[in-house]
Structures are given as structure tokens and as C-alpha cells.
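Annotated in TrEMBL:
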SIGNAL    1-26  signal peptide
DOMAIN    33-137  domain 'FAD-binding FR-type'
BINDING   87, 88, 103, 105, 112, 113, 154  FAD binding site
């Protein structure tokens, strides 16, 4: 009898430990009220002004705890030593355990850009979150249209990856991604890889203001015609997501309104 009792007790401990692990894992490492410090373990320069920063989470099985389409606030110091806080969307998901990544475009006059330029492996970044109004349940729409400009690609990439990598989600994703030059395209390798891996479900159409001589994508600014061709038509079961510089967001709102997309079919990050 004592053996049976000890077996039950041992089982209870194991079940308790599993439950504790599951609940801590799902909770994530973020705090919406207080900044927490995360150590930079890798910095990879992707172009002259873009780098991928990899930050370590407390354990190899820790998840950041960021809902799909939400972002984090990062705190740093500008060139004058003044505190600056700016939102960024990680390109990793909670299925990427033990670390999270930020792909950052560093602008010459950007206040937070200065902080990231100065950040070295071994340094810590202060982060708070999750933040954002976007909520997503798998299968809530038939298709997403996405219109992104520049670094506005990061929330789109995060949402697209989460949808496509979820075997239970059948949502289709149609992305229009605008930049000035070919070199400005962020995450191109990753986007092309998604398009190759999920050919029936993910389409990407690149638009460049100053394209190279040989170019089969769009040219100029994103037009109403491009949206008609490359985004799902207005319907109750679709949504079009926007994220780009303010003038672009304003122009896209005008295009979408004119094409018959109602306000509840549109969302701006």
C-alpha cells in the first residue's frame, strides 16, 4: 500500500511540474507594465543600414509571449543621451523558443536607430509589452490582403508566418510590398521562401519606386490597379492590413475606400 501511495504522490508531482511548465511557458517573458532587460547574443548586418538582432530569453524553452500581430516597446538613448521609446515587431514567433529577433532599419537621424547602431553583443535591451490592437483567431477570415512599405513589413511577416505555419489555418495571404530600391527590400529571402513553400496560399508582389533595369515587379507607388490585381476583392470574410510610412498609409486608405473596402475590412498597424 505505501508503494501505491508513493506512486500516486510521484505522479501528482510530475503532473504538477508539467502543469507548472506549461503555464509558465504560455505566460511568456514580457511584462506589459515594466521594462525587462534582454541580452543581445547575435548581431547580423544585412545591408549598410539594416541588421538582425538576436536576443536571448531566460531559458532555452522560454517563449517571448507575444500574440500574433502585436509588438513590443523598446527603450534606449539617442545621440544626445535622451531616453527614447519606440515600437518594434519581432520577426520571430512564440514557436521560436529561447530567443527573439528584431530586424531593424537604422536611419541616419533616427533617435532609436542611434541606440541600435551602438548596441553590441553582450549588451542588454529594455523591452515592454505586448502592445497593439490586432487580434487574430485562426480561420476568422478567408484571406488577408497586406500592403506594406519599408520596415512596415515586420508585422505582416509575423502574421503571415503564424498563419502559414499553423497546419489548422487555411487562410490565404496576398502581400504587396513597396520600397524605394531593390536594396531596401527587407526579409526578401524569407518572404520568397514562404512563397515557394506555400505556393497556393501565399503570394508576394514587390513594388519599387526606383527599380533595377531588369525587374518584373511593380514600378512607382502602389496604385488602385495593383490592389485590385493582387489583393482579395472586398467581401465580409476578408481583411486588408496596412503598415507603412504615414503618407503611404493615408494614400492606401483612399485607394481601399474607393475600391469598396469598408472600414471593418481594413486594419492599420
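Glycine too: its Cβ is placed from the backbone N, Cα and C atoms.
When other Cβ atoms within 10 Å of the Cβ of residue 113 (FAD binding site) are tallied across all protein chains shown, the result is 20. Spatially close to residue 103 (FAD binding site) yet at least six residues away along the chain are 46, 50, 51, 52, 53, 91, 151, 154, 186, 187, judged by Cβ distances under 8 angstroms.
The binding-site residues in question are 87, 154, and the one with the fewest Cβ neighbours inside 10 Å is 87.
Residue annotation for FAD gives 87, 88, 103, 105, 112, 113, 154. The furthest Cα pair among them is separated by 17 Å. Of the chain residues outside the FAD site list 87, 88, 103, 105, 112, 113, 154, 74, 86, 89, 102, 104, 116, 151 have their Cβ within 8 Å of the site's Cβ mean position. Summed and averaged per residue, pLDDT over the domain 'FAD-binding FR-type' (33-137) gives 96.
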